[in-house]
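For reference, the structure discussed in these notes is given below.
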Amino acid sequence: MKINLDRTSSGFCIGVQGTIHVAEEKLAAKETLFSLGDVVHNEVEVKRLENLGLTTIDEAVFKELQNTSVLIRAHGEPPETYATAERNKLDITDTTCPVVSKLQRTARLLCQLGYQVIIYGKHTHPEVIGINGHCSNRAVIIKHADLSDPEELKTLDTTIKTALISQTTMDVPGFYELKTNLEKRFAESDETAGKPWTAIRDIDITAAMTGIGTMPRTVFKDTICRQVSSRNKKLHDFALANSCVIFVAGRKSSNGQVLFGICRSANPRSYFIEDIEDLEDSWFRDNEGSPVESIGICGATSTPMWLLEKVAEFIDGRFNHRDA
């Protein structure tokens, strides 16, 4: 039984790497450190950091803190979080992912330009909450690219200037499906808005802000992180190349759900686990009861490499040694 560990398209993305590195440095220096929300959407990694001294808090506790240090994770936060920190004299360690920071700025400027902002994303995801905060909490958040949820469309106004952006970890095909469906929806109410929406760049937004340029009524900006989305094809091929796949991620990980779906579509014998306790012996046998030829082990952008290695070592020790 060959065990293949994916080291090229699994493990922490750059944004999460930065957050974990900063947290480890501060904890190693024995500093008191609170994290506003789970530092990463992986319970195993959160527990490891909490064992080093990190304390995870929710928003209610955060608002009561005074004169201490708080870590802002890679997902980012809305402006009101920083206002609270200033009032309470909190020392903020801001590890917002640079890609997310750029997206927050884009959302803020689009709102200032008078655009209705649509965010392709998950309503309760912390990144989306942060982006919406930069739109004064007035953005239209749409998770279903087919526009199948009427609740998501209640505040959508098809008669005004509109800009479409995305949570950084959403799927690229879904984003463009949503764009197409919005074009159709807007065309139903106004034929002049029925033409394809215009892709915009940072320079277009800057020109509009300074008054030296203008932007069309309906625009979109693909803000999906390519370091994340580029993993899709690689994981698809990785899943195809193995007899079965063990996908390691936290249940809360949005990116994990997307990537696992890709693995499962490529290889039906793909299994989602958080840690080794979730493994089942039957997964590693073919229909005749013999060991499968190969096992692929991979994970999300919020899955630490040490955990993937732990899973690989456990499977190797349990099945290869037992079958020898």
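Think of each number as a place in line: the chain as shown, counted from 1.
Cβ coordinates are placed from backbone N, Cα and C, and glycine is handled just like the others.
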Select one of Cys135, Cys225, Cys244: the residue that Swiss-Prot places in the [4Fe-4S] cluster site alongside Cys13, Cys97. Cys225
Long-range Cβ environment of His41 (dimethylallyl diphosphate binding site), under 8 Å and at least 6 residues apart: Gly250, Lys252, Ser253, Ser254, Asn255, Gly256, Ser302
Distance check, please: Cα of Thr168 ((2E)-4-hydroxy-3-methylbut-2-enyl diphosphate binding site) against Cα of Cys225 ([4Fe-4S] cluster binding site), rounded to an integer number of angstrom. 5
Neighbouring CB atoms within 10 angstroms of the CB of Ser302 (dimethylallyl diphosphate binding site), all protein chains considered, total 26
Taking 10 A as the limit, how many CB atoms besides its own sit near the CB of Thr168 ((2E)-4-hydroxy-3-methylbut-2-enyl diphosphate binding site)? 29
Would you mind pulling the DSSP three-state label for Ser254 (dimethylallyl diphosphate binding site)? helix
Measure from the CA atom of Cys13 ([4Fe-4S] cluster binding site) to the CA atom of Glu127 (active site, proton donor) and give the result in Å, rounded to a whole number. 15
